[in-house]
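Structure, as structure tokens:
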Ligand SMILES: NC(=O)C1=CN([C@@H]2O[C@H](COP(=O)(O)OP(=O)(O)OC[C@H]3O[C@@H](n4cnc5c(N)ncnc54)[C@H](O)[C@@H]3O)[C@@H](O)[C@H]2O)C=CC1
Ligand SMILES: O=C(O)C(=O)[C@H](O)COP(=O)(O)O
């Protein structure tokens, strides 16, 4: 069995080598000729899996994408061809939630506006939106949710209309899939009119797909409104972000919000489990065997963090300023965006750090953020 796998997918050999021959490929440049004799295709978000890519292949039986997003997979075509496909829902949701939370703490410090006093609106309350909600609520920040699909489901949470969320929120974070059709398409959900309606001093974060915001309109509005603060991890037209926009973005990164080691490992592992099930085999490996220990696994904090100390604590796990700096220096280089992603030193999630022996303080909310505890 020939297994073609994206070169940026960790742990493939550890999990799949005894299932078949693993061949690594550059997912962005994958051609129909390379796919011709593959039985299994393991991709990431940069590979368009469609009629054109699979034109020469008659034996493909399984496509796995180690991502949450599915907008690069032509599901109708794969169904037509009777090819089994799957993604990895939720695999990197914690990473995205923690990224957005850390980004808010960074903005709070930079602009001297405590996060705690703000109302945060989450648009799209699925896996990544809920991971962010968990962090914010653990820290005691007021959260409003907008999700028209979940609002009509049995989800017990309260939801508000989009316009109400925009009117009431100081911070807005986007967590929707990219869709062009259906009752609630998200393509350019934030167009010129919506961007113009953001509250004064609003912070806008996009960690889902670049095309959910009209980037030209965003650029135009930033010329007029210096009060808006922006965090963009995703960009219209990746891997070529709009160069003029970058200097106006307060925190800018190359689509790495989901790049925790745990998130990436979970993505590959979910595909391993799905392929085993598809082949009728038992998945006997475990994800815990894959991850190395954190450089420092345990910390004895001096006091329960206030907002500044909390930022110092989360910077121990992930200093977002490093990724922002690298992005500004390199995004215009040849192949810069993809090289930053390929060479990214994946961070760990909060849970990798254990807080120990805390002297009688209420650390419950820190644990609810996702940190682990020992002897607390
Ligand atoms: N920056 C990064 O590295 C990453 C980006 N993503 C992107 O984030 C997206 C969301 O991920 P998850 O939260 O895990 O997906 P999910 O499927 O768990 O949740 C998405 C939610 O958005 C809601 N939704 C759909 N259309 C909407 C609309 N018009 N308005 C408001 N809500 C709407 C859905 O009902 C669903 O609850 C993915 O589709 C992917 O494109 C995901 C992981 C990493
Ligand atoms: O899971 C998703 O959806 C994402 O956006 C991924 O985290 C993006 O990473 P790559 O698949 O492009 O490595």
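Residue positions begin at 1 at the first shown residue.
Even glycines carry a Cβ here, placed using N, Cα and C.
As given in TrEMBL:
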BINDING   45, 67, 259  substrate binding site
DOMAIN    111-257  domain 'D-isomer specific 2-hydroxyacid dehydrogenase NAD-binding'
BINDING   147, 233, 258  NAD(+) binding site
ACT_SITE  255  active site, proton donor
DOMAIN    290-370  domain 'Erythronate-4-phosphate dehydrogenase dimerisation'
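Positions of the features from TrEMBL, shown on the structure.
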residue: 45; record: substrate binding site; Cβ within 10 Å: 24
residue: 67; record: substrate binding site; Cβ within 10 Å: 23
residue: 147; record: NAD(+) binding site; Cβ within 10 Å: 23
residue: 233; record: NAD(+) binding site; Cβ within 10 Å: 26
residue: 255; record: active site, proton donor; Cβ within 10 Å: 24
residue: 258; record: NAD(+) binding site; Cβ within 10 Å: 24
residue: 259; record: substrate binding site; Cβ within 10 Å: 23
Practice item. Taking Cα atoms as reference points, rank the recorded positions 147, 233, 255, 258 by distance from residue 67 (substrate binding site) and give the first. Key: 258
Check your understanding: Under DSSP, the domain 'D-isomer specific 2-hydroxyacid dehydrogenase NAD-binding' (111-257) has how many residues in helix, strand and coil?
Key -> 49 helix, 26 strand, 72 coil
Practice item. Going by DSSP, give the three-state secondary structure for residue 258 (NAD(+) binding site). Key: coil
Exercise for review: Could you give me the DSSP helix, strand and coil counts for the domain 'Erythronate-4-phosphate dehydrogenase dimerisation' (290-370)?
Suggested key: 38 helix, 6 strand, 37 coil
**Study point:** Inter-residue Cα distance where the pair is residue 255 (active site, proton donor) and residue 147 (NAD(+) binding site), in Å
**Key:** 23
Review point. 45, 147, 233: which of these binding-site residues put a Cβ within less than 6 Å of any ligand 1 atom?
Key: 147, 233
Review point. What does DSSP assign residue 45 (substrate binding site), in three states?
Key: coil
**Study point:** Cβ-based neighbourhood (8 Å from the centroid) of the substrate site, residues 45, 67, 259 excluded
**Key:** 44, 66, 68, 69, 92, 255, 258, 267
Check your understanding: How many whole Å apart are the CA atoms of residue 258 (NAD(+) binding site) and residue 45 (substrate binding site)?
Key -> 12
Practice item. Quick one: of the binding-site residues 45, 67, 147, 233, 258, flag those whose CB is under 6 Å from ligand 2, and say none if nothing qualifies. Key: 45, 67, 258
Practice item. Express the distance between the Cα positions of residue 255 (active site, proton donor) and residue 233 (NAD(+) binding site) as a whole number of Å. Key: 5
Study note, to complete from the structure: residue 233 (NAD(+) binding site) to residue 45 (substrate binding site), Cα to Cα, whole Å, comes out at 14
